[in-house]
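Scroll down for the structure; my scribbles are underneath it.
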Amino acid sequence: MRCYDLALIGFGGVARALAELIRDDSARLEATLGFSLRVVAITDLNLGSLLQPEGIDLAEVLAMPRGANFSGMPGGDRDADNERVIRESAADIVVEATFTNPATGEPALSHVRSALQSGKHVVTTNKGPVALAGAELAELAGVHGRRFEFEGAVMSGTPVIRFAQTQLAGTRIASVTGILNGTSNYILGRLGDGLALQEAIGEAQALGYAEADPTADIGGSDVRLKVAILAEQVMGVRIPVEQIPTTGITEITGAEVTAAAAEGKRWKLLGTVERHEDGTVEARVAPVALGEEHPLAGVSGATNAVTFDTDLLGQVTVSGPGAGRVETAYALLSDIIAIDRAGGR
Ligand SMILES: NC(=O)C1=CN([C@@H]2O[C@H](COP(=O)(O)OP(=O)(O)OC[C@H]3O[C@@H](n4cnc5c(N)ncnc54)[C@H](O)[C@@H]3O)[C@@H](O)[C@H]2O)C=CC1
Ligand SMILES: N[C@@H](CC=O)C(=O)O
């Protein structure tokens, strides 16, 4: 049976959910997918580095108490020496799941470059490298004969990027518009339930939806990255993120959400990319009060949805989880499956 060795860079909610899946469900995964997964390295700011080429006992690391770190374990170190681990571990696939940095993409961007340069495939849920340097990284992967996969960068585990690239490949897509941030959609709903903004943010954090800095969610910069990714990956147009006008939901009050509902409207934070008839492409992020008849008006909680306006099919809408630890871990698994189906190692 094929076995892929993984190095996990960042061991927070999403990477832990992937580790739990491997710990708990490997027999089913092996039977259905035809390959097994083994974690041989982990690094995290809070835990340090752990390199065990024969395979890490995931039950042991997942049970480590809060505040513990890898020093004292065989192959363990107090420092998160990401670069060394990426280059020196014998991993086939580097799983990049550190914080998204919407301004520079770093340090994740460097992690991805190092991994590809050292001959490893990369799967990531980190939006920064994909939005800011997607084309460069895809080229680098090609040069090294490796794959750079990032399905979870948009709509978490809901397969939207690969769906558009494969299933809509023969259509012309005139626009893409969607609810692309689970946290802000969840918060808008909770404001309508009477919660204060800070309480709603706290809930979204506890549920694993929010970014490490939730201002990226409510301020719109997270959606802006996703819009840039969809523009490039689905419509073939690179739009620098700083050129995408962006307004978040910070100015929307609970009273406004309630007043809109009384008129049959729902506030939604929408990300849009549109190709105009003259060929120019425009992107934006802004809250919109949608009428009840709009297909995206009923999308609630951390659910996301995106509508592709195509020439041959008309509107095609994909809806599903837009955030969540387990849901996003599934995106990483789907990327690993894509690597395997493309020939693996
Ligand atoms: N949670 C979700 O629903 C989704 C998350 N994502 C993205 O996935 C990534 C991971 O998300 P979560 O696991 O929820 O975040 P998290 O905040 O729970 O975990 C991130 C982990 O990375 C570690 N880390 C940060 N910088 C590091 C560095 N320089 N070196 C080593 N470790 C570092 C942190 O200590 C933390 O444990 C983020 O980029 C996020 O934007 C994408 C889609 C959905
Ligand atoms: N914080 C993001 C997570 C996924 O990208 C969100 O809430 O959508």
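Cβ atoms are placed via backbone N, Cα and C, with glycine included.
Features as listed in TrEMBL:
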- 10-151: domain 'Aspartate/homoserine dehydrogenase NAD-binding' (DOMAIN)
- LYS127: NADPH binding site (BINDING)
- 159-337: domain 'Homoserine dehydrogenase catalytic' (DOMAIN)
- GLU211: L-homoserine binding site (BINDING)
- LYS226: active site, proton donor (ACT_SITE)
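Taking CA atoms as the reference points, GLU211 (L-homoserine binding site) and LYS226 (active site, proton donor) are 14 Å apart. Least crowded of the recorded positions (LYS127, LYS226), judged by neighbouring Cβ atoms within 10 Å of its own Cβ: LYS226. Each residue in the domain 'Aspartate/homoserine dehydrogenase NAD-binding' (10-151) gets a DSSP state, and the totals come to 61 helix, 26 strand, 55 coil. Around GLU211 (L-homoserine binding site), a 10 Å sphere centred on its CB holds 20 further CB atoms from the protein chains shown. Following the DSSP three-state reduction, the secondary structure of GLU211 (L-homoserine binding site) is coil. Between the CA atoms of LYS127 (NADPH binding site) and LYS226 (active site, proton donor) there is a gap of 7 Å, rounded to the nearest whole number.
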